[in-house]
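Taken straight from Swiss-Prot:
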type    : residues                                                   : note
BINDING : Gly7, Pro8, Ala9, Ala10, Ser11, Gly12, Lys13, Gly14, Thr15 : ATP binding site
Amino acid sequence: MIIAIDGPAASGKGTLAKRLAAHYGFRYLDTGVIYRAVAKAMLDAGADLTDEARAAEVARTLDPSRFDDPALKSHAVGEAASVVSAHPQVRAALVEFQKTFAAAPPGAVLDGRDIGTVICPDAEVKIFVVASPEVRAHRRFLEAQSRGEPADEAVILSDIVKRDERDKNRSAAPLKQAPDAVLLDNSYLDIEGGVRAAIDIVEAVRAGRRRV
């Protein structure tokens, strides 16, 4: 079984995906980390983030050991990832890696922005996770505080709104809900409530009550 979880930045999709993977014993891939790793490599090299050919070359030679770098979680890297992920050549370079991961038994949970529409369009379960920009900005603010990083919630909110626009309007794999995805708004759900709602969706599919 493949579970595809998509949604905008800081919507809580990563937490849901990790918990679902643990619950069902499936492999988990945060596809956003892949793009963050490309962005971090570009930043480290002092490269122009708008240089699509350079970014695509980084993507093709990406070292998976980079995926565990704590620096990938920084706000600056996240913003840079939004830029490089808009390049069609970068996305094309990383598609096969994601598809191969998803196809491996016993099952996989992937979260990102185009899992249900591009990477795994035939996924048995598709969930589109959303939350209001204000709630998402506050979450990111608290995350930054927990890491001891200086943060301005108003700036984070502005960045999130701009990122949403970039993600929705990019030419390559824009952020959008797949027609057969279930919408899950977790603006006012705690983590456990969101996980329970997601498990209910998956169980409905497993029981044959619903083709998501």
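Cβ coordinates come from backbone N, Cα and C, glycine included.
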Original post:
Near Gly7 (ATP binding site), how many other Cβ atoms are within 10 Å of its Cβ?
Top reply: 28
Original post:
What's the most sparsely packed of the binding-site residues Ser11, Thr15, counting other C-beta atoms within 10 A?
Top reply: Thr15
Original post:
Does anything in the same chain, at least 6 positions from Ala9 (ATP binding site), have a Cβ under 8 Å from its Cβ, and if so what?
Top reply: Gly78, Ser82, Arg136, Arg140, Ile160, Arg163, Asp164, Asp167
**OP:** Using a 10 Å cut-off, grab the number of neighbouring Cβ atoms around the Cβ of Lys13 (ATP binding site), all chains included.
**Re:** 28
Subject >> Environment of Gly7, Pro8, Ala9, Ala10, Ser11, Gly12, Lys13, Gly14, Thr15, the listed ATP site - residues of the same chain whose CB lies within 8 A of the CB centroid >> reply: Asp111, Val129, Ala131, Arg136
